[in-house]
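In TrEMBL this protein carries:
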DOMAIN    A:171-233  domain 'CBS'
DOMAIN    A:235-291  domain 'CBS'
TRANSMEM  A:317-337  transmembrane segment
TRANSMEM  A:393-415  transmembrane segment
TRANSMEM  A:421-442  transmembrane segment
TRANSMEM  A:454-481  transmembrane segment
Number of protein chains: 2
Amino acid sequence: MTEVEAKKPQESLQDRLAQVVELLQRHRLVEDLTHRQEGQHQDRVEGLVHRQNLAELQRKLDDLHSADVAYILEALPLEDRLAIWQLVKADRDGDILLEVSDAVRETLLADMEDHEILAAAKEMDADELADLASELPRDVVHELMETLDAQQRERVRSALSYEEDRVGALMDFEMVTIREDVSLEVVLRYLRRLKELPGHTDKLFVVDYDGVLKGVLSIKRLLVNDPETQVAEVMANHPVSFHPDEDAYDAAQAFERYDLISAPVVDKNGKLIGRLTIDEMVDLIREESESEVLNMAGLREEEDIFASVWKSVRNRWAWLAVNLVTAFMASRVIGLFEGSIEKLVALAALMPIVAGIGGNSGNQTITMIVRAMALDQVSTGNGNTSRLIRKELGVGLINGLVWGGVIGVVAYALYDSWSLGVVMTAAMTLNLLLAALMGVLIPMTLMRFGRDPAMGASVMITAVTDSGGFFIFLGLASVFLL
Amino acid sequence: MTEVEAKKPQESLQDRLAQVVELLQRHRLVEDLTHRQEGQHQDRVEGLVHRQNLAELQRKLDDLHSADVAYILEALPLEDRLAIWQLVKADRDGDILLEVSDAVRETLLADMEDHEILAAAKEMDADELADLASELPRDVVHELMETLDAQQRERVRSALSYEEDRVGALMDFEMVTIREDVSLEVVLRYLRRLKELPGHTDKLFVVDYDGVLKGVLSIKRLLVNDPETQVAEVMANHPVSFHPDEDAYDAAQAFERYDLISAPVVDKNGKLIGRLTIDEMVDLIREESESEVLNMAGLREEEDIFASVWKSVRNRWAWLAVNLVTAFMASRVIGLFEGSIEKLVALAALMPIVAGIGGNSGNQTITMIVRAMALDQVSTGNGNTSRLIRKELGVGLINGLVWGGVIGVVAYALYDSWSLGVVMTAAMTLNLLLAALMGVLIPMTLMRFGRDPAMGASVMITAVTDSGGFFIFLGLASVFLL
């Protein structure tokens, strides 16, 4: 896609959203009026107002950067979103489709005719096409592939052959390549002939006649060195490069660590096959953190906030079902002690405190560990597990004695039984120790089995601290109080 | 700081960490042996082995990029971390200090003499100094400021005058400025004279004689256009620019949206005073998502995973205390119904199910809303609140009837009472509706009062669904079953 220069945002995005919504509502109002008078004599003035409103809205949208239009589409409920989508000029469809989230893109594509999709897709680069291919109607993809030249088709195929989380799926093919045995002057003249450079070109890729990467020449060096210098003298010989089957998130972390703007992707023979750019990596970093947050809450994927109720139910039901099972188990643990509760009903009132604090504390631990794992500071292998467990047990012990002590005193004051207070303190402490242990072990185990360590971690830790908390408290009470 | 070219990472970071740890342990082993024989005749061979080990470790560290050393320091427990820190060449101290997290930096600075800190800080740019100033000993900052020239001192002061979350605190001062009335050829010659360009230079800033920003000339355009062209003809006249008192996170979102690498910062008169670069913005994006995750779990700040137990307790106690109060309130709600529980002990076993599922469902809703708020798709103003509440109530109603129905049947089967089953279903449904409502209202209210919408949201929603769930279930049971 050709790059559109971002215009200076004079108003905030929120303001622009508000303006579009207002224009849209004004437009709707007039439409409603016109509609109501249907069959009657159509008032010309009204038609005019209508058209003026529409024109103003259209102008507003044309002025906006594609990314801003995408933002507005995301923030609007379905009906308004499609109304705006209809007004967006056909030649920007592709750009905008690439900017919106998956959930919103689905709603937009559903509203487009095949020939419109085809027209939008024709403007795209190979890597962009590959990104969208899975979401496009099969017929459209077929037709598209036929319109591409052999190289482009090969590139789309290659990008499609990698899993979504691999470097190969995120690379683009807009590399500027040069030879090492030419002078910088020649390079400068070559670039001038290209007329346009791809976005995020901070370095040129130096390849030999077989296309094998020999090094990279940063634009900075190209600019500050004497034009008579040879490329080989000033290029970097061992640039950070990636393989197409590497984990994309690892690549994103390398971009962050080494402050990269672009980096070459080479195959196993060292042949240059594509490049990664910081913009894709930033998107990835954001997506990773988002999915971590969502996973911890037991949500499966990003949900368009205006998604239909049914869609939301589907997104959320799985972990709720798991939670139902774990809650039922906790309930059965209580069931074991119904005799004790009948004898001392205070137990029923106090038991949720033990379970609740344990759940909260376990969630804190699990959040810490999942964070550290995401940053690669903890892995299943490097022998830190036992150290971490010791530390978390220490935190749990202190919190248990302190807060358990407080609530033990409160229990004593309420029910006038010091032994009940002691049982309460002991149960709190034990449950916090359990929470600490499982808070470390659950994400570690998930990771060892190759799962996302955040996946439903919150539901699992709560299951343990609920059942465990009820068992510990009611068990201790049955033994020592009754 | 001078930029170090990133070397091609031939092994993964994890591998390199493992190697350093191994070398360190070997070094320790020998040191222990030597230590044990103290007072005795010191074996020369052992001394040699010791020195060889140390030299190998030193070489390994010297080969690593500063960012990788920082990563290794983060992943090591305190004792090992300081051992490595001692070995890192003095001239890289500054680079590494800038790369590590706040929590780890504190431990490193505590291990340094004032004169070491001073030496490290002298290598830094004004914006980097400003970043660290708050963490350095007061004397050191004083001494440092005196060694700076007037312009540098002014820059440090200016950067320090902005709040941490403002653009002004994140900008650097490494702008390359040019005039609009010169040819590209002149610009090219000027750059060559500079010998080195600052990192992330993807555009040059065009200013007039008063330093007012007139536009930007992208390096891409500089390269592809005829050297005879005037800057004014090819520069972009309305570049995206920022003000120093703008919200830094808004700027990061703009970088992401418009795929920027660098952007000018101008004061209210349009005078160029600094620039923002993508690397700072990427860090910010990551920090924001991290603090969101931590906030939801009721953790106050990023905690070094090897922080002492005491430090961890301090980081976590506040929300645990809040949780204790809310759990106590829930317990008192149960206390109100002790009479009912005595009559029908099954209530004690079933009530945590109602509360637990409500909490889980409420957490899902709150996570969705907080996400949408972080992406600016929902604000307190734009009238979406009621629509979102309707949607979430719909989801809650369906989940309540379905899962409440399931658990109602189970309750009937277990306790052979259909009325108990019906009460269970009704209570589940009502509590899920409550969870949906509060899941929207809690983050909205936090935001309206200018707080972080994720702040302890999880503890709050659980408080509502626990107390609410117990009250609804036990209340319905008391009315209809007893």
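Here the Cβ of each residue, glycine as well, is placed from N, Cα and C on the backbone.
Any TrEMBL annotation is an automated prediction that lacks curation.
Taken residue by residue, the domain 'CBS' (A:235-291) breaks down under DSSP into 25 helix, 15 strand, 17 coil. The list of residues near the transmembrane segment (A:317-337) in space but at least 6 beyond its ends in sequence, with Cβ under 8 angstroms from a Cβ of it, reads 298-300, 347, 351, 355, 456, 459-460, 462-463, 466-467, 470-471, 474-475, 477-478. Each residue of the domain 'CBS' (A:171-233) gets a DSSP state, and the totals for helix, strand and coil are 20 helix, 17 strand, 26 coil. A Cβ distance under 8 Å defines the sequence-distant neighbours of the transmembrane segment (A:454-481), meaning residues of its chain 6+ beyond its ends; these are 291-292, 295-298, 319, 322-323, 326-327, 329-330, 333-334, 336-337, 339-341, 344, 347, 350-351, 354-356, 358-359, 361-363, 365-366, 370, 417, 419-420, 422-424, 426-427, 430-431, 434-435, 438-439, 442-443, 446.
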